[in-house]
Amino acid sequence: MLGTTVIIPTALVPQMGGNNEDKAVVIQTLLFVAGINTLLQSFFGTRLPAVIGGSYTFVLPTISIILAGRYTNEPDPHTKFLKIMRGTQGALIVASALQIIVGFSGLWRNVARYLSPLSAAPLIALVGFGLYELGFPSVAKCVEIGLPELILLVIFAMYLPHTIHRMKSIFDRFAVLFTIPIVWLYAYLLTVGGAYRNVSPKTQFHCRTDRSGLIGGAPWIRVPYPFQWGAPTFDAGEAFAMMAASFVALVESTGSFIAVSRFASATPLPPSVLSRGIGWQGVGILLDGLFGTGNGSSVSIENAGLLALTRVGSRRVVQISAGFMIFFSILGKFGAVFASIPAPIFAALYCVFFAYVGSAGLGFLQFCNLNSFRTKFILGFSVFMGFSVPQYFNEYTSVAGFGPVHTRARWFNDMVNVLFSSKAFVGGIVAYVLDNTLHRHDGAVRKDRGYHWWDKFRSYRTDTRSEEFYSLPFNLNKFFPSV
């Protein structure tokens, strides 16, 4: 969790006008709310061992809020930070309504019923592979730290369990916990030894273990509370942009939930349970807005990959981990020590975790007929467009300073640019539309797309194991039945 939890506020808070103390509080708040959201999701949502945390999807609309004209004339940086944070809170509170309504009304259940293994494969694959920019490019920002972590993780997780048979289960489960302290200590020795004394500030920022100012800025004990930055402010344009990000997060999380169910050895998600999980994810975004995390929530992709690496798909383990997240967020100094781990170490973990999630998508192709040219077209075209369209939007933005859609209505520009900058969203929507419109009623096509494999799981009650994996605790199924 720490990678996303630290990287997002580190990128956004200075642009808002915040200092190291503000950044430490935002990181604490993000970790605290992530713990609460994970508990809510594992108890009342999908009940899968899915961790809910900060999402890169919400970064674009947040940057748009930072650059909004109504904040540019504020001379005092701290006042500017507070005003932007309140604006972000208001936008998140409004955006949460989308997932809450779509999820709890059962609307997403009806959408998910038409999902087949063929349309799920590109969506899940791009949820993982689409984050390639956060992998080795970030490792290379401090290659003397990132690369050893990547190599050690592969050795500990893949080679040692088959070499030292007695300790197979230990290396399988604790490869991450073994390798991070080793490389972290190595990075600390490089820092105190003066290896980065005369290098550029950029290299120091990525490599040093004392560069973030978090330990000095974090309070010893602090409990985040709602409206800690003041009363939220609301702007219709900003809310629409954040709502677009919420819709993208909804689509991406659908793929992530399916991947988590696969890695946790659960039965395929019944659409009603998926819809329930989306509703609770909306509640999570509402909590983000109330507490002021500066960022929305979605399923943590890296923790979905961690399920595959450790082969631990226990709901209880994730609930205990959520308790630790809350504990370390309240004890600020302890959390800040962990948050001082250099980002290239996390990027090395991402190379493995995101690859696992992407491979879960490819795994669904076993249910499809890959000899069918219809299957080949939908698969190839959706994955290609999933990479190609966002690449165009990102390239255009980096050159021009604004997205390809550049009308006078800034809120409309933000909405379109956010939607088409997500690889998983573009690829998933293309695959879903083509799969449900192209020769859909042909008898052979039904088997080609693997639709018949999921027939048993389209309703909660048609598979006896649904009760085992997805039933609500405390007999709540009587009051909130799944269909």
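Every residue, even glycine, has its Cβ placed from backbone N, Cα and C.
Lifted from TrEMBL, the feature list:
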TRANSMEM  24-44  transmembrane segment
TRANSMEM  50-69  transmembrane segment
TRANSMEM  90-108  transmembrane segment
TRANSMEM  114-135  transmembrane segment
TRANSMEM  142-162  transmembrane segment
TRANSMEM  174-196  transmembrane segment
TRANSMEM  317-339  transmembrane segment
TRANSMEM  345-365  transmembrane segment
TRANSMEM  377-394  transmembrane segment
TRANSMEM  414-434  transmembrane segment
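For the transmembrane segment (50-69), the partner stretch with the most Cβ pairs below 8 Å, chosen from 24-44, 114-135, 174-196, 345-365, 414-434, is 24-44.
Using a Cβ-Cβ cut-off under 8 Å and counting only residues 6 or more beyond its ends in the same chain, the transmembrane segment (317-339) has close neighbours at 1-2, 5-6, 24, 27-29, 31-32, 34-36, 38-39, 42-43, 49-51, 212, 214-215, 217-224, 303. Long-range contacts of the transmembrane segment (414-434) within its own chain (CB-CB distance under 8 A, at least 6 residues past either end) are made by residues 57, 60-61, 64, 114-115, 118-119, 121-123, 125-127, 129-130, 237, 240-241, 243-245, 247-248, 251-252, 254-255, 377-379, 381-383, 385-387, 389-390, 393-394, 397, 403-405.
With pairs at least 6 apart in sequence, the transmembrane segment (377-394) and the transmembrane segment (114-135) have 3 or more Cβ pairs within the 8 Å limit; the two touch. Same-chain neighbours of the transmembrane segment (377-394): 118-119, 121-122, 125-126, 130, 365, 368, 403-404, 417, 420-424, 426-428, 430-431, 434-435, 438, counting only residues six or more beyond its ends whose CB sits under 8 Å from a CB of the stretch.
Ranked by the number of CB pairs under 8 Å to the transmembrane segment (174-196), the listed stretches 24-44, 90-108, 345-365 are led by 345-365.
Within the same chain, residues 2-3, 6-7, 117-118, 120-129, 131-132, 134-139, 141, 145-147, 149-150, 153-154, 157, 176, 180, 183-184, 187, 255-256, 258-259, 262-263, 301-306, 308-309, 379, 450 sit at least 6 positions outside the transmembrane segment (345-365) and bring their C-beta atoms closer than 8 Å to a C-beta of that stretch.
Same-chain residues lying 6+ beyond the ends of the transmembrane segment (24-44) with a Cβ under 8 Å from its Cβ atoms: 1-2, 5-6, 8-9, 13, 18, 50-54, 213-214, 217-219, 222-224, 228, 276-277, 280-281, 283-284, 287-288, 291-295, 297, 315, 318-319, 321-326, 328-330, 332, 335-336, 339, 472-473, 476.
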